[in-house]
Amino acid sequence: MAQNTLRLVEENGVDKSKALDAALSQIERAFGKGSIMRLGANDKVVEIETISTGSLGLDIALGVGGLPRGRIIEIYGPESSGKTTLALHTVAEAQKKGGICGFIDAEHALDPVYARKLGVDLENLLISQPDTGEQALEICDTLVRSGAVDVIVVDSVAALTPRAEIEGEMGESLPGMQARLMSQALRKLTASISRSNTMVIFINQIRMKIGVMFGSPETTTGGNALKFYASVRLDIRRIGSVKDREETVGNQTRVKVVKNKMAPPFKQVEFDIMYGEGVSKTGELVDLGVKAGVVEKAGAWFSYNSQRLGQGRENAKLFLRDNPEVAREIELALRQNAGLIAERFLEADKDGSLDDAAES
């Protein structure tokens, strides 16, 4: 009896294998070769290609060394928090590797002089200033399907105004129209983005929900679709000022990885954004160096390999700016200790910045 049962199981196994092979060949005949495959059959499928954010600390916090290609990214935060700066840094890093980038300026507010200071190659940057939200997303879809563009930035979701709203009267109520526009566009874009390996960065603004008694009243514009389709969501906030004597020369910025499909989320990192310069790389080297034990701190003095960098953080930053070889050595040491640094990053506060961050 046991032998008969064993033979039946073996025959079922053979039948299943044959049935699966027949199904796979039928799918490939109908939809083309490569429409279905075993994940382990191609090593390239598993690898995650990334582009640096321009911030060493944020690259480490993301867990994969930067923002992933072929994915949708959302960067949101209050006004003047550094959203566009972070997106432009990513564009500059992609261009350094020979990539082609596009900037869809729905807000009509891109400053070319500032972009150049951040390292963006303006001569090779594709820019569009569309009239309507439909036009902006159609341009984005066409660029993605071309397969020739590496990074596309949409600035911002809040400025993607539906055509019906522009053609209607001022004050006319059109509830949910922008959310429907985003939902339809993202359904179309997702498959094309994955196939073309293009990174699409959506910059978003924050709004307040009325009548919220418990939890954060903050939410992002454009409905819920972007929260679900985004592989990485970054919450960027200004937490203080960087001062040179009495003059404010930059912002202290905190970025929380609210959602991450590539690595564990909820890591957060702090860095300086200097006016006219962007992310302060030397400031990050000092802060991360101390956190990783690469840079020693005794009182107000910072030192590296028994060499004094300066008294006080600002003097240490100036020393690294004037001595790029030492800065390069520290950066190399930090990249080798990336895992250790990631563990030491503080997790985001339990209350979170958006009450719906956990849902997405």
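Each residue, glycine too, has its Cβ placed from N, Cα and C.
The ATP binding site annotation in Swiss-Prot covers G77, P78, E79, S80, S81, G82, K83, T84.
For E79 (ATP binding site), applying a Cβ distance below 8 Å and a minimum sequence separation of six or more within one chain yields Q205. Taking the binding-site residues S80, S81, T84 in turn, the residue surrounded by the fewest other Cβ atoms inside 10 Å of its Cβ turns out to be S80. Annotation for K83 (ATP binding site): spatial neighbours I75, Y76, G77, D155, S156, I203, N204, I236, criterion Cβ-Cβ under 8 Å with sequence separation of six or more. Summary of the ATP site environment: with the site residues G77, P78, E79, S80, S81, G82, K83, T84 set aside, the chain residues having Cβ atoms within 8 Å of the Cβ mean position are I236, R238.
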